[in-house]
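Q: Okay, so TrEMBL annotates it like this:
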TRANSMEM  207-226  transmembrane segment
TRANSMEM  274-302  transmembrane segment
TRANSMEM  330-353  transmembrane segment
TRANSMEM  373-391  transmembrane segment
TRANSMEM  447-466  transmembrane segment
TRANSMEM  518-541  transmembrane segment
TRANSMEM  553-571  transmembrane segment
Amino acid sequence: MVLRKRVKLSKLEHHLGLSQDNPAEGRWSSNIMCGTERSNATPEGGTGEVSLLGRSGTCSGSGILPWWPCRQCVSMAAGLLLAGLLALTQAWCVNAIHENLLWFSQLTEVEREISFRTECGLYYSYFKQMLQAPSIQEGLSDLIHDNLTESKRTINLLQRMNIYQEVFLSVLYRLLPIQSYLEPVYFYIYTVFSLQAVYVIALYLTAWLLSGSWLAGVLTGIWYILNRVDTTRVEFTISLRENWSLPFLALQVTAITCYLRPQLTVLQQKVMVWLMYVTTFCFCLTWQFNQFILLVQALIIYTLDCVDFLTTTQVTTLYLVQVSGLLSVWLLQFCNSMILGSLVLSFIVAALFIRHCQSGLKTGNLLVRLGKLLLHSAMVLLLTFTINYLAKKALQLRSDEHIFKFIKSKFALGPTRDFDASLYLCEEAFGLLPLDTLERLAGTLLLYPYILTLPLLSGTLAVAALQNVRPKGSSAEERKGAGEVRVVAFRPDVAYNLLHTLFFGLLAFSTMRMKYIWTGHMCAVAAYGVCGTELWTLLLNALRCNTKVLLRLVRYAVPLVMIGCLYYKFWPKLMEELSELREFYDPDTVELMTWISTKTPKQTVFAGSMQLLAGIKLCTGRVLTNHPHYEDKDLRERTRQVYQVYARRSPEEVYDILRAAGADYVVLENSICYERRHRRGCRLRDLLDLANGHIMDGPGENDPDLVPASHPRFCEAIKTDTAAYTSLFTRTFQNKTFHVYRVKKKRKKSAKSSSEPGATQ
């Protein structure tokens, strides 16, 4: 596909609505670094109700300013209004960029469908399939008993894949009276772009909750929009599962942040628990990799529990929310064994069981307690792997083994020639985070406050953790100096978000594709550092000029200046980007899809690359041998076998493989057969050669155990039309990019049928 520049038809104008009148002035208090114990920490009246989008009425510190109800309502209304404006801005921007990149409104139906590349096309095909079904019931039945996605197999797509969002949207589109003026494809993409608005609102609220000022939310939203290259890729991978799930993950983090705030009422706690469950459920339902993200979250909760930042009730509740969300999805996915065999479920069961058994874990002096924590952690890990091993044995689960192979190979802990692991390792998205990412983040002033905030908060967290672990008042000297010792109290909501950004930051640096989980939350943490009281209190205390008036002044002046600088620097660039017009251009693929639709029967089975076959499924509805949804062992093995068309194999071997898969036609791509995009050793043909024990093409070193192949490369040799190939395969279509061959039913040479479509030259 080529994106060609086109003539600019109209000047695009837009306004981000960044004007601000009355920034929220959350009550001043130092919520992380507190002084000695004070009797006046709680306002008179005692109960200390909490505002969900403001500071707690019982926050530590002194000099809490009174709030007039009218002023508070106006400030909150202004904050929520700006949250909505920034959310709409993000949704409008990604929609405009998507239209400008492809000229989507002017494309034919087949061109629009081709624009859904790789697995995106596969997922969207089920939305299309549901709409084309005679009824909702028949559409669901076809998904549950699907025999089109994998030839010679009947699979339950609702169990295998996370496509409930496509089912829900198709049902909604059928029920709503919008068919006459909104095409299905627009209904689909507008829904995904609307989730980007939800994402921005969630990040906005998280920053507001942490800092007590909606200025932090505004800064978060602006940073997210300006760093769009590193925060989302939704405009060109619309159907990707992460674009559905990450907004719900951001909402879940917001709910957790609110749940961990002090002095919530019982009703507010119940509401937050339900919100955490609903968002966790939606997140798990829409992404197959949910278990690995929840595992990182569970490790964060476990860490906070070990150093006493969370109460027993909070820890148990957070664990049970995760378990409830996963088990709910397990039921909806027809008891998907991959969920029961997930590491996160094993870890949570182990953590809760060991915690219950070790009642004296948090007793003893410092060294004893640290020793107990190490022993406790070792026992939890040992029990986790034991439970997980037994669960996978009992369930005969091997669907996710390719992920662990990838992890082992990535960190040189396993074989490097494994075909499945190498497919991931050779993709840039699964490599280390490029340094130019940090340069882009620094260019929008996001990186600097972030890297200043992290070490200061991390240092304070470490001091608070050590203080929590150390026994209190164990010596006479400590008791004597209790009135003079400065106690460091760390808010649990801040602690959770700090560990969240640290853990997912490490994940992003190790695997570039995971950066989209980190960079959005990074915006909220950096905005909290700029607009919160903690860092400014430290700085002003160091300068010996810490007054309430000066603190409030810098707290609001600095973010306003930053917003002004960002507007001045990036507004023209954003307008220039939105005014650049391109268009979709892929005539070879359009020609191929048209030929398949018009010249082959409906039940024809096609073999080829995973990416291309997903497009064939969407555009033509033909049966596939393999596809990009890789979470099945049998499918991975079949894919490796079908890919032998790009290896050095004899025509008889390839023929037997294709017939075993039920293929009627095989599509060969020049871009794979003569690939130059990847370096030597990472081209698909190289991976196949290594897996087959053959020497790779081209100059360069080879492992000593590799041997020369006894046959030429199939995708090249078949084009010579020698008798060994023409007796088994007949060329039926070709253009500059694709060559399609019919797989003959019998090996013996026979005359061509007069009904056979001729080759397109």
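Just so it is clear, glycine is given a Cβ too, placed from its N, Cα and C backbone atoms.
Let's see these features in context: how buried, what's close, how far.
A: Within the chain carrying the transmembrane segment (447-466), a Cβ under 8 angstroms from the stretch's Cβ atoms is held by residues 32-33, 307-309, 438, 441, 488-490, 494-495, 498, 501-502, 522, 525-530, 534-535, 538, all 6 or more beyond its ends.
Remote same-chain partners of the transmembrane segment (518-541), defined as residues 6 or more beyond its termini with a Cβ less than 8 Å from a stretch Cβ, comprise 28-33, 199, 203, 206-207, 210-213, 215-217, 219-221, 223-224, 227, 230-232, 246, 250, 253, 441, 446-447, 449-450, 452-454, 456-457, 460, 494, 497-498, 500-501, 504-505, 507-508, 547, 550-551, 554-556, 558-559, 562.
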Q: Which residues of the chain, 6 or more past the ends of the transmembrane segment (330-353), have a CB below 8 A from one of its CBs?
A: 144, 156, 158-160, 162, 164, 285, 288, 291-292, 294-295, 298-299, 302, 316, 319, 322-323, 380-381, 383-385, 387-388, 391-392, 395-397, 399-400, 631
Q: Using a Cβ-Cβ cut-off of under 8 Å, list the residues of the same chain that are 6+ residues beyond the ends of the transmembrane segment (373-391) and lie near it.
A: 302, 306, 340-343, 345-347, 349-351, 353-355, 358, 361, 397, 469
